[in-house]
Amino acid sequence: MSPVCDDLGVFANVTGVEARPSPALVMAMMRRVVRMGRVRAPVACRSHYTNTKDDWVETTRGHSRPGVLNKTAKTGMAVLNDPLLNKGLAFPMHERDRLGIRGLLPPTVDENLEKQKNRLMKRIRALPNNLLRFATLNSLQDRNEVLFYRILCDNLKELAPVIYTPTVGLGALNYGELFRRPRGLFFSANDRGAMISMAYNWPREDVQIAVITDGSRILGLGDLGVNGMAIPIGKLSLYCAIAGIHPSRTLPVFLDVGTDNKELLTRAGYLGIKQKRLRGDEYFAVLDECIQALKNRWPHILLQFEDFNNENAIPVLQRYRDEILCFNDDIQGTGAVCVAGVIGALRSIGHNSPSALCDQRIVIAGAGTAGIGIAESLAFAMESFGLSYDKALRNLTLVDQYGALGAGRQQYASAQGPFLHDGPIADGASLLDTVRTLKPHILIGVTGISGLFSEDVVREMSKHHERPIIFPLSNPTANTECTAPDALAWTNGTAIYASGSPFDPVAMPDGRVVEVNQANNMYTFPGLGLGALIANAKLVTRGMLLAASLELAEQVPQERLDRGLIFPDLDTIRGVTQSIAVKVVRAAQDDQVARTPLPEDDDVIRAVVEHESWDPHYAAIVPQT
């Protein structure tokens with residue numbers, strides 16, 4: 001057995017690592033593997049170490065560990081205009097001299113990150129509405145990313161609804177009016193033939209994850225064209241704050257193939273190309289070139305598809321998921337968080353084994369991308385617990401705008417086919433008739449239709465089950481199928497309720513105050529992405545997605561379950577995300593798609609994950625030599 005040596009010269013055996021290995025030991029082992037030439041550097045090694053005469057020197061951009069540096073060739077105003085370098089008034093005088101910025105700032109140097117954070121939060125809290133808070137935070141992100149992420153990390157529960165759902169929907173609707181500075185790469189149908197070279201216009205070499213949208217179905221708001229760029233920006237902000245991925249490694253991408261939104265096509269201030277959306281072969285030719293450009297520049301990049309419409313979302317995923325490292329958050333991410341939520345809900349009513357999922361009758365209102373993703377995820381989970389896939393499918397009934405999907409359906413999308421089974425409910429039955437006939441334990445909504453879960457539907461659920469499980473998941477809040485106050489009022493407070501957007505606690509007539517669950521994808525996609533990057537996975541597998549779901553469900557303490565809370569407290573989400581990432585790495589190893597040669601040991605992987613998690617603090621800046 002070959003020993004490895006950490007930075008302090010302490011030897012340890014690769015296979016005899018103590019129960020809690022130090023990050024230094026683990027990273028030394030990883031560096032040794034990389035130097036042997038077996039694989040490309042794992043994420044941490046690639047971005048944190050440079051091999052100079054076999055002397056590995058930490059050069060992490062922005063990490064808070066002592067001795068970690070930012071190296072830059074920039075000086076003067078270029079430093080202040082770079083949001084990854086700018087510290088505002090927190091630049092010490094020696095850095096002002098070194099970087100040529102003395103005199104470009106007021107002489108005060110007594111501010112530090114904590115003081116800046118407190119001052120900005122006071123200003124943000126004083127603003128009259130969340131859209132202004134959204135705009136203020138975006139402006140800060142464009143000036144000083146370390147301060148932006150310090151504020152976000154320390155106030156995530158308060159600010160997550162501001163930088164993402166539901167406020168990001170307002171931000172997208174007002175994208176042109178709020179636009180001040182470009183962020184991300186914009187590929188359009190007009191750029192055909194030039195995209196490979198365009199990718200090299202992006203200034204960062206070490207991009208590891210991109211979130212890409214074509215703006216065709218933004219939340220529940222429909223086709224917003226280029227205004228949909230607000231979504232990749234918001235998603236990647238959560239990756240940085242929750243998973244600790246350094247912002248320099250992230251890339252928002254917009255693919256502009258036009259818009260079918262007539263109002264945008266006639267709006268003077270619209271920033272996208274003004275043409276009808278491309279479809280069919282033309283659409284996929286543009287998308288293929290865009291993805292090839294990204295893969296050519298960054299061969300191991302993780303692509304997250306976001307807010308593609310029903311016409312393209314599933315075909316796009318099917319086109320690429322067996323070829324490149326990618327996933328669709330609306331399909332697979334929503335499915336993963338829904339599986340975790342259902343298992344958590346079952347635990348909260350006394351079904352402690354995840355296999356109890358196999359005994360549940362589930363109705364899903366919405367048979368588009370999200371509904372199919374949820375149904376497939378639930379069916380795969382049931383199959384993994386020992387139920388045959390055919391029997392798992394029979395536990396699931398989908399309802400679309402034409403009613404329940406049954407064997408008599410003549411026209412349907414190919415992805416809906418497996419769910420068109422014979423049963424007690426006729427094709428085309430209304431949602432109320434479906435609930436009345438099937439008496440489902442669980443009702444899930446992803447239609448974007450406000451109020452679809454009527455009082456009659458919810459009371460019918462409550463009639464057959466003491467604790468009905470009701471998940472109206474559509475975003476933003478105005479599009480939810482049923483509000484928390486209504487669901488709790490119609491079930492006398494017994495429903496286990498989870499929505500896609502946040503709701504305030506609900507006061508009940510008997511004096512109880514019921515806290516409301518939010519089944520938001522931010523519980524799963526950061527850990528899934530981080531784990532895929534740590535593993536250097538070839539693909540995102542169903543096993544990796546299920547591992548994320550099961551670990552998320554496992555992370556909910558019993559005292560929360562006893563209160564009907566089925567997701568972890570957002571204040572703990574960074575630790576939860578790290579735990580999810582560990583299980584995702586292990587699943588990648590089990591599915592034989594992991595290329596990073598880590599031991600199959602949770603403690604070792606956890607040490608690597610913790611080492612990878614960027615904590616926003618000001619780092620020393622020195623000139624690049």
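Every residue, even glycine, has its Cβ placed from backbone N, Cα and C.
Among the candidates D288, D322, D330, the residue that TrEMBL annotates alongside E306, D307 as binding divalent metal cation is D330. In sequence order, G234, K235, S237, L238, N520, M522 make up the list of same-chain residues 6 or more apart from Y164 (active site, proton donor) whose Cβ falls under 8 Å from its Cβ. Secondary structure at R217 ((S)-malate binding site), as computed by DSSP, is coil. Between D307 (divalent metal cation binding site) and R217 ((S)-malate binding site), the C-alpha separation comes to 5 Å. Between D330 (divalent metal cation binding site) and R217 ((S)-malate binding site), the C-alpha separation comes to 10 Å.
Taking Cβ-Cβ distances under 8 Å and a sequence separation of 6 or more, the neighbours of R217 ((S)-malate binding site) in its chain are D223, D307, F308, N309, N310, A313, T369. When Cβ neighbours within 10 Å are tallied across all protein chains shown, the highest count among the binding-site residues N475, N520 belongs to N520.
Maximum intra-site Cα distance, (S)-malate binding residues R217, N475, N520: 17 Å.
In this structure the alpha carbons, written CA, of N475 ((S)-malate binding site) and E306 (divalent metal cation binding site) are 14 Å apart.
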